[in-house]
Structure formats: C-alpha cells, structure tokens
Amino acid sequence: MKKWLLNWRLFSLFSVMALLLAGCGKPFLSTLQPAGEVADMQYSLMLLSTAIMVLVIIVVTIIFVYVVVRFRQRKGEEKKIPKQVEGSHTLEIVWTVIPIILLIILAVPTVSATFKLADVKPMNKEKRDKHTVVVNVRANLYWWEFEYPDYGIITSQELVVPTNERVYFNLKASDVKHSFWIPAVGGKMDTNTDNKNQFWLEFDQKATDKAGGIFYGKCAELCGPSHALMDFKVKPLPRADFDQWVEKMKNAKPVVTDSVAKEGEAIFNKSCIGCHAVSPVDKRPEQARTAPNLANFGDRTRIAGILDHNEENLKKWLKDPNSVKPGNKMAGTYGNLTDDQINALTKYLMSLKVE
Ligand code: CUA
C-alpha cells in the first residue's frame with residue numbers, strides 16, 4: 001500500500017476516535033465534569049499534574065530538537081568530535097533542583113487534599129450532630145445496599161442523599177472485594193469484607209440539575225462475570241425533599257389494591273420474601289439480608305441496576321435473571337414461573353412505591 005494512503009487512513013481513524021471519545025463527557029458520569037466538593041478537588045489535582053507533565057514534555061522536546069539540530073554531523077566534518085562536557089556542576093544542580101521544585105508543587109496540594117478528603121471526624125463523634133447524614137454502603141454480588149443507621153431505614157440499588165452538604169459513608173462488602181465509585185461526584189474507595197472504609201462526598205445541587213437529577217454509580221473492582229453490570233444510581237435531593245423522603249420511607253407499607261397485584265403478593269410472600277424485604281424498616285441482621293430491599297421498587301429508575309424501568313424488562317429479569325446479569329445469586333433460587341405468575345409478580349413489584 002502506498003505510504004501516504006496508510007498515513008491518511010491512520011489520520012482519519014484517529015480523527016474519528018477523537019470525535020467519539022469527545023462524546024464520553026456526560027454530566028451524570030464524567031469525572032471531567034465535577035459535581036461536588038470532592039470531585040472539584042480531585043479534578044484540580046488532575047489538571048495540576050497534567051499541566052506539569054505537559055510542561056516537562058514541551059521543555060524536554062525543545063531541548064531534544066535543539067541538540068539534534070545543533071550538534072548533528074555536518075558534511076566535511078565526519079571526523080570532528082565536539083567538545084566533551086562531563087560533570088558540569090551547574091547542569092547537575094539545574095536538573096536536580098527543577099524536578100524537586102516540580103515535585104513540591106505537586107506534593108503540597110496533593111497531601112493537603114488527601115487529609116481533607118480523609119476527614120471523617122463528624123461521622124465518628126460520640127454524639128454526632130443529628131443533621132449529619134451517614135450511609136452504610138454494603139456491596140454484594142452484584143447489588144448495593146444503602147442503610148441509614150440514624151433513621152432506621154434501608155434501600156437498595158438507588159442511593160438517595162441531600163445536596164450541598166457532606167454525606168458520610170461507611171463502606172463494606174459481604175462477599176468479595178468491590179469498589180464504590182460515583183465518577184462525577186468523587187471517589188473511588190474499596191469496599192472490603194474484613195474492614196470498614198470511610199469517606200465523605202458532597203453532591204452539588206446545580207450539577208445535579210444539569211445531570212438531570214441522577215448520577216451513575218459503578219463498581220470499580222473486578223468482582224465476577226457481572227462486574228461491569230454492577231451499577232447503582234444516585235438521586236441527590238434538596239435537604240427538605242430528602243427529609244420528606246426519609247419520613248415516607250419510615251412509614252412505608254405496601255398497599256396492594258389491584259387483584260392481579262394481590263396474586264403477585266401471595267406468590268412473593270410464599271418464596272421471594274425469604275431473601276427480599278418489602279419494608280424499608282428491616283430489623284434483620286445484615287447476614288440475613290441476602291437480597292436487595294424492594295420497599296420502593298416502583299420508584300426506581302432501573303431494573304436490576306441496568307435495564308430501563310418498565311414491566312417488560314421486569315418480566316425478562318424474573319423469567320431468566322442469568323441472561324441479564326450472569327452469575328447473580330437470584331438465578332436458580334426459585335423454580336420456573338408461569339407467565340401468569342410473572343405477570344402477577346410484576347404488577348405487585350411495580351406497585352411498591354413510597355413517592
Ligand atoms: Cu462488584 Cu465489580
């Protein structure tokens with residue numbers, strides 16, 4: 001192939017890729033569109049280190065080009081050896097001091113931010129401020145549980161938090177190591193089985209509005225065949241709305257009126273209830289809470305964390321969970337359901353709402 005043609009093709013490929021990648025910056029998902037205090041701090045550190053790296057690359061490239069041009073072999077001077085420089089004190093000092101200065105410029109804000117981000121004192125106070133929101137996050141293959149210990153309520157898959165204030169997290173896992181990450185808001189931090197990690201995040205109201213009211217959360221540690229599908233959603237609310245949501249959750253009770261939904265409730269209470277609770281006030285110990293709490297299932301925006309929230313997808317999930325999330329623990333725990341049973345369960349689950 002002609003060389004210019006190959007170059008042209010490579011050039012087109014890179015142009016198309018650049019265009020495509022430029023589309024990755026979605027406000028609900030992108031670390032490049034920070035949506036809170038933590039994300040802002042981490043974004044500034046990224047900018048600072050990138051700026052320093054670019055500066056170093058530019059300076060080194062200029063020196064390199066200069067040396068190549070200036071000291072290249074010229075016609076008629078093939079035998080000439082230029083003056084050999086060795087052990088120049090000035091040069092040695094210059095190229096030792098400059099990196100030290102660059103490292104200091106990078107280290108001071110990084111260390112200071114690290115301490116700020118690790119400040120979880122308000123959540124660990126003997127008597128913590130009743131305004132401080134603490135969430136216990138428990139990661140499981142492949143779903144998330146969010147417990148609000150101060151309110152005595154539990155939800156799954158969709159985290160609800162107040163905006164414009166620090167929210168504190170206790171992070172742990174019940175089976176293997178996962179990692180809790182809300183790309184636009186900050187993070188990430190591992191959830192382990194043998195210890196509890198703690199950190200805080202702040203969810204900016206304006207950024208929330210821009211993102212359409214929902215941020216995407218991800219598992220950021222390879223944990224099994226459905227690792228890439230272990231998503232959760234985050235719904236930040238203004239403080240007053242958040243308080244209202246908490247009250248509604250505290251008093252939530254499934255009210256089933258529809259006759260088909262009632263059939264679904266009967267099926268649910270015969271088998272599903274062994275693992276899934278339908279009340280947000282779940283007093284069982286966490287080892288007994290082996291499946292997502294479904295109290296506000298009807299209010300969610302996703303089925304199984306990934307599918308659009310509609311009856312069709314719920315039926316698909318109930319019929320064959322493994323086809324949606326390979327290796328999940330729901331598959332095989334119940335026998336084959338008839339289409340009528342699946343219809344009834346779908347009606348029942350969709351009726352579980354607190355909003
Ligand atoms: Cu859980 Cu990856």
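Backbone N, Cα and C atoms are what each Cβ position is placed from, and that goes for glycine too.
Please treat TrEMBL annotations as automatic predictions, because they have not gone through curation.
Residues annotated as domain 'Cytochrome oxidase subunit II transmembrane region profile' in TrEMBL: 23-121. Under the heading transmembrane segment, TrEMBL lists 41-69, 90-115. According to TrEMBL, the feature domain 'Cytochrome oxidase subunit II copper A binding' maps to 130-248. Residues or ranges marked as domain 'Cytochrome c' by TrEMBL: 259-353.
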With Cβ-Cβ distances below 8 Å as the criterion, list the same-chain residues six or more beyond the ends of the transmembrane segment (41-69) that contact it, or say none.
31-32, 34, 102, 105-106, 109-110, 113, 116-117, 186
Can you work out the mean pLDDT of the predicted model over the domain 'Cytochrome oxidase subunit II copper A binding' (130-248)?
95
Secondary structure content, the domain 'Cytochrome c' (259-353) (per DSSP, counts of residues):
46 helix, 4 strand, 45 coil
